[in-house]
Each structure stands twice: as structure tokens, then as C-alpha cells.
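K.L.:
Sharing a structure below in C-alpha cells format, with a few things to ask.
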């Protein structure tokens with residue numbers, strides 16, 4: 001009577017009354033009413049397939065006699081092998097995963113005249129509300145569907161490779177049971193040696209880094225009859241949506257690719273050299289983790305000495321200045337199983353795009369190359385000479401530092417007076433006016449580890465193209481003033497203009513400058529003449545009282561030590 005009352009809610013009263021009092025129409029065959037059809041049919045049931053489904057079993061009046069939901073587990077069975085009542089065996093064929101149907105089965109295709117104990121009376125029509133969850137066949141193997149292939153695939157997964165990948169794991173009906181994404185950590189494992197379920201071991205072979213594929217496997221290649229005891233039920237097909245992020249083999253070494261070598265390469269780095277280079281560091285899937293460019297500063301290190309990871313130590317050997325190369329480093333030559341924390345995960349392959357800026361060895365001297373020699377060369381530069389020269393200065397990568405030509409005047413120094421870096425001192429020695437040279441100066445003979453803020457990076461090799469424009473011969477070593485003529489025998493009296501038997505600073509200065517102007521004496525070139533004369537006066541003023549007496553006064557030839565004296 002309940003069904004009749006419910007029917008009256010939808011039908012007219014007259015029709016409902018007639019329906020409620022009419023005898024039930026006998027079923028000759030099963031009746032299937034599809035109450036939900038998925039947009040995509042992942043797989044349809046065939047005879048011989050094994051299925052997992054939920055159901056509610058009811059009589060036509062709506063009274064429930066059985067339910068898989070109440071037992072908390074699906075009903076699992078082979079279809080078409082007479083392990084079900086005939087009507088259900090027939091009704092399940094053709095159902096899709098996630099399809100839901102109301103199946104009505106007449107008695108002769110159900111439990112017939114015998115019924116089923118106290119639960120199902122004889123000659124009962126049975127209704128089953130069925131939800132199909134899983135379908136597989138004993139002949140099934142691993143099914144692979146690749147839906148993204150990277151444009152570049154230089155290597156594919158092979159047996160014994162170690163890989164890092166992300167995945168979402170679902171049952172065939174889409175129920176999520178696990179995901180590496182939710183743990184924010186890749187799944188890292190060897191492939192093909194039994195560390196994974198058999199279906200995954202097979203399904204990952206042949207993948208490229210960056211490839212995405214769906215791997216579907218029957219329970220025989222998954223967790224079998226018992227499931228995993230938690231989220232995966234027994235006899236469940238498994239579906240893994242996988243993206244491969246990393247791939248290497250324990251036998252891998254460092255690989256160098258994409259080399260761009262400059263046309264001129266006169267020297268290649270060796271163990272013990274100090275290298276300055278720029279790099280972009282990424283994981284094998286292209287994920288960026290570090291860059292020297294972002295810090296606007298090269299990475300500077302010795303190579304072959306263990307100052308950097310082993311793979312980079314190896315990858316920087318044999319490079320040329322200006323060379324670009326890609327260095328790929330397996331984790332056992334990188335940061336190993338632990339990684340570095342947030343930026344570099346454990347067991348990650350590292351890819352460095354490297355640009356070599358310069359390198360040198362601590363044993364290097366300044367490299368001097370004569371590029372032009374004048375036809376005549378009467379004198380060559382030596383220590384103490386005052387020289388005037390032009391230069392263009394750059395780094396080894398060609399970056400300009402400075403040029404005297406920009407200022408329209410020469411750079412002027414006294415050789416040996418520590419007015420320039422040691423490498424430039426060396427490069428200017430024994431040079432002729434009009435001569436041109438190319439100098440390569442290592443940092444320990446240049447500006448060292450600190451460089452010059454805003455101009456010369458620390459530990460930079462310097463390149464100078466120089467031209468000697470003019471030179472003035474210096475004085476003998478240790479002298480700041482010399483006589484061109486014979487020295488007066490009455491020098492003190494000549495200096496003492498006011499005849500007070502002591503020489504004042506002004507008298508001393510006037511006298512020395514007079515000798516220089518008249519060509520009788522020479523001051524060391526390239527220095528402030530008055531500072532030289534002040535030093536000469538101070539050295540003669542033995543008692544420091546600001547004047548020189550005849551007792552204090554003496555020539556340099558009479559001195560036991562070197563001073564800026566007469």
C-alpha cells in the first residue's frame with residue numbers, strides 16, 4: 001500500500017487507484033534502468049571479467065533483503081561463469097565503471113520456486129540497485145596512456161635506474177587513495193628491481209623526464225587479493241597518474257653537453273686553477289634552484305680541490321675562458337640522498353648552465369706579449385724611470401674596465417714606486433717608447449680577492465693593451481737628487497744666503513731648485529719636487545730644530561745609509 005500512496009504523489013488519483021489494485025505484470029526477462037551513466041566509459045564489463053560493485057537488493061515493494069553497503073565491502077565476482085544468479089550475470093555485462101542501474105530480475109532468472117532460505121520467498125521478483133566500481137580480466141597487463149611527451153627526450157627509464165616522480169593514485173572509479181603531491185615530496189625509487197609493485201615497475205619503464213602518463217594495472221600486478229589493508233581494497237585495479245621529474249643510474253658520471261667553445265682558446269683549466277664563472281642551476285625537470293646572475297656576482301672557486309661538489313669539480317676541468325657548457329651531475333656527485341633542504345631535494349640530478357669568465361693559477365706570472373716594436377729603441381724602461389703610457393683595460397671576458405683614451409691623457413707613473421699593481425710594473429719594464437704590449441695579469445699581481453668596488457671584481461684576471469708614449473730616465477736606486485756637475489766645495493756657504501751660519505728651509509729649497517733649473521742637478525722625475533726637497537731638508541736637519549748647521553750638513557756619499565739627501 002505504501003508504494004500506491006507514493007505513486008499518488010505523481011499520478012492522477014484515478015490512474016493511481018487503478019494501478020494499485022491491478023495485479024503485478026510478470027517479467028519474462030531482466031529489466032535494466034540506467035540511473036547514472038558516466039560521461040566516459042573507462043571500461044565495460046565483458047563475460048569472463050572480474051568485477052567489484054556495490055548493490056542494494058530489494059523486493060518490488062521496496063523492502064531491502066541484502067546490501068553490500070551494510071557489509072562495508074564490495075561484491076567481487078567473475079561475470080558469466082555462473083557464480084551469480086542468471087539475471088545478475090546477464091545484467092552486469094556491458095556496464096561501465098561508475099555506471100549505476102536498477103536491475104529487475106524475474107524469479108526464473110533469480111531464485112525461482114525454491115527461494116533462498118528465509119530471506120527470499122519462492123517466485124520473488126528481485127530489484128538490485130547496482131553501482132559498478134571496478135572491472136578487470138585475468139588476461140590484463142599494464143596499460144599505459146601517455147598524454148604529454150616533452151619535446152626533448154635524451155634518455156628514457158631503464159631497469160636499475162633511480163627515479164623521482166610525482167603521482168596521484170586512484171581506484172578505477174576515481175577514488176583517490178594516495179598522492180605524492182599532498183605530501184609535497186616526490187616518490188624516489190629504483191625501477192625494475194622489485195622495490196615497487198610489479199605494475200608500477202613495468203609502467204615506469206621507457207618514460208622521459210617531463211613525461212606524463214596514466215598507468216593502469218590489474219590487482220595481480222598491484223596489491224592482489226588482500227589490498228594494502230588500508231585504502232586499497234582487495235582485487236582492486238589501480239590507476240596512477242604519473243609525471244617523471246628525475247632520472248639517473250648509480251653508474252652515471254658527469255656529462256658535459258651544449259658546449260660553445262670560443263675560437264681562441266690558448267689555455268684550459270686544470271686542477272688547482274681558480275675559476276670565476278656564472279651559472280644557472282636547475283633540476284632535471286627544469287625547476288630552477290639557484291643562479292649567480294641573480295646575485296650579480298660570479299661564483300669563484302678553486303677546482304679539483306674539493307671546494308665544490310664533486311661533479312662540479314670535474315665539470316670545470318678542461319674549460320676555456322669564455323666557454324659555455326651544460327654540466328649534468330648525478331646525485332652521488334652532487335648533494336646525495338639528503339639534498340640541501342628546501343631548494344634541492346634528496347637524490348636529485350643537477351643541471352648547471354655554466355659560462356666561464358676567467359681562471360688563473362696561483363703560480364701564474366704576468367703574461368706579456370709584444371704586439372708592436374718600434375724600429376729604433378735607444379733606451380728601455382727600468383726601475384725609477386718616469387713613464388707615460390696609454391692603456392685599455394678589460395676583464396678576460398672582454399668587459400671594459402677603463403681606458404686612458406677616454407680621458408685624452410696618458411697615465412704617468414714612476415716604475416718601482418708601487419704606484420700601480422705589480423703585474424703592470426712587470427709589464428712596463430724593458431719597454432721602448434712607441435712599443436705596444438698585451439698584458440694578462442692574474443689577480444695576485446692585480447687587485448687581489450677584493451678587487452675595486454664597482455670596477456674590478458674580486459679575484460679577476462686583468463687584460464691591458466698598453467702603449468708607451470714617453471719616458472724620462474730615473475735616478476740611480478736610492479737617490480732622489482743627483483748632481484749633474486761637480487759638487488761645490490763650499491756648498492753650505494752657498495746655501496746660507498744670510499750668512500747666519502745656518503740654512504733655513506726656504507734657503508735650502510731655493511738653492512736646490514736653482515741647481516735644477518740651471519741643469520746642475522736633477523730631482524727624481526714623477527714626484528712632487530717640493531716634497532722631495534722637504535725630505536732632503538729633514539734628513540739634513542739632524543736635531544729636528546728646523547734649521548741645518550754646518551756640523552749637521554753632509555753629502556750622501558758621506559752617509560752610511562740611504563736618504564733623500566745631497
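Heads up, the Cβ atoms here are built off N, Cα and C, so glycines get one too.
Where the annotation comes from TrEMBL, it is an automatic prediction and has not been curated.
So TrEMBL has the following annotated:
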type	residues	note
SIGNAL	1-20	signal peptide
DOMAIN	48-136	domain 'PPIase FKBP-type'
DOMAIN	160-248	domain 'PPIase FKBP-type'
DOMAIN	272-360	domain 'PPIase FKBP-type'
DOMAIN	384-472	domain 'PPIase FKBP-type'
DOMAIN	483-518	domain 'EF-hand'
DOMAIN	528-563	domain 'EF-hand'
K.L.:
Top stretch among 160-248, 384-472, 483-518 for CB pairs under 8 A with the domain 'PPIase FKBP-type' (48-136)?
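P.N.:
Ranking 160-248, 384-472, 483-518 by Cβ pairs under 8 Å to the domain 'PPIase FKBP-type' (48-136) puts 160-248 first.
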K.L.:
Quickly jot the same-chain residues contacting the domain 'EF-hand' (483-518) by Cβ under 8 Å, restricted to those at least six beyond its ends, or write none.
P.N.:
529-530, 533-534, 536-537, 540, 546-550, 553, 555, 566
K.L.:
Per-residue pLDDT averaged over the domain 'PPIase FKBP-type' (48-136) comes to what?
P.N.:
96
